[in-house]
Amino acid sequence: MTFAPRPRRSLLFVPAANPRALEKSTSLVADGLIYDLEDSAVPEEKDAARERLRDHLAESCFPGERIVRINPLDSRYGTEDFLMARGAGVDAMLVPKVETVAGLKQVADALAETDAPTSMRLWAMIETPRGILDVDALAAAAASCRLDALVVGPNDIALSTGVEPGPDRAELLPWLMRIVLAAKAHGLATLDGVYADFRDAAGFAAECAAGRRMGFDGKTLIHPAQVDAANAAFGPSPEAVARAERVVAAFADPANEGRGVIQIDGRMVERLHLEQARQLLAVQAAIAAVEHRHTERMPRP
Ligand SMILES: CC(C)(COP(=O)(O)OP(=O)(O)OC[C@H]1O[C@@H](n2cnc3c(N)ncnc32)[C@H](O)[C@@H]1OP(=O)(O)O)[C@@H](O)C(=O)NCCC(=O)NCCSC(=O)C[C@H](O)C(=O)O
Ligand SMILES: [Mg+2]
């Protein structure tokens, strides 16, 4: 399988109901923006938010991914949200509260019926007991449902289960790891949930570090102040890049030709580490490319 990484360290939710947030969003160096039409817009403002977002998407450009979180297709707003996002040509639609393959397939079928290019993808929010229990089946349907990513929704998980997670989220770990595992088993990206206390930089950094250790590719965010920390936490460190370069160089050394296992500085290194090192360097190159595109459009002094 070809490994074509897309950096997904930082995915910022941007409330479409808030004109200032919309305006600010495109100047931010997030890997992606998730324009929200669901929870952050109350029913009275959903239609206006959708129209505002339609204009914004037509008039603005952004170097990273653009995703729209639509309302459920069977809700009063879902079809209009879907048609707007489809027409705007976003990279993906984020479907909230996904619980069944049939529910996901309904959106995928609507994309097919409107001849949406196959590059237009679906992301699924896993944020209910049923969604968590059936996450493997949902991820297994990725190919037929254009599914690219699983996104954790901690607020809805808390609401629908009564769980009250502490600072280390110990109560949620089995469920979070179940989501990560399903994503890995089926080759999907997986994004950790939002951290609401956006002024608590230390708490946010600790949660990012934990999410990274758990295997998440990145984190969903609610505030611009969280972007840099998420980029730092989920991107490869300079030390990791240097290590990966050494692994690649060591296996390229003719002295090591045909060897399955070597040592670097007294540490065993196998061919699987070579693959891992190549993937890390590919991720790093993809990050450099997106950061270059961000820099290119910044006003010059
Ligand atoms: C939480 C907020 C309401 C705070 O907003 P505000 O009071 O405006 O904060 P600041 O004054 O510190 O903002 C400074 C400037 O930054 C802009 N801003 C703020 N947030 C965003 C954003 N998300 N995207 C873009 N720009 C943003 C402000 O407009 C200020 O701009 P300026 O005046 O020009 O300097 C707010 O951060 C917010 O609304 N966040 C997102 C909320 C949201 O989208 N919620 C839904 C997604 S989370 C979710 O649903 C999780 C999941 O489903 C689950 O179940 O867990
Ligand atoms: Mg939610």
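Cβ from N, Cα, C; glycine included.
From a predicted model like this one, the values you see are computed outputs, not experimental measurements.
As given in TrEMBL:
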DOMAIN    9-224  domain 'HpcH/HpaI aldolase/citrate lyase'
BINDING   ARG69, GLU127  substrate binding site
BINDING   GLU127, ASP156  Mg(2+) binding site
Request  = Average the pLDDT scores across the domain 'HpcH/HpaI aldolase/citrate lyase' (9-224) and report the rounded value.
outcome  = 98
Message = Out of the binding-site residues I have (ARG69, GLU127, ASP156), which ones have their Cβ sitting under 6 Å from ligand 2?
response = GLU127, ASP156
Inquiry  = In the three-state scheme derived from DSSP, which category covers ASP156 (Mg(2+) binding site)?
reply    = helix
Note = Neighbouring CB atoms within 10 angstroms of the CB of ASP156 (Mg(2+) binding site), all protein chains considered, total 18
Note = Whole-number Å distance separating the Cα atoms of GLU127 (substrate binding site) and ASP156 (Mg(2+) binding site) is 5
Message = For ligand 1, list the binding-site residues among ARG69, GLU127, ASP156 whose CB atom is within a distance below 6 Å of it, in sequence order.
response = GLU127, ASP156
Task = For GLU127 (substrate binding site), just count the other CB atoms lying within 10 A of its CB, please.
result = 24
Request  = Would you mind pulling the DSSP three-state label for GLU127 (substrate binding site)?
outcome  = coil
ARG69 (substrate binding site), number of other Cβ atoms within 10 Å = 26
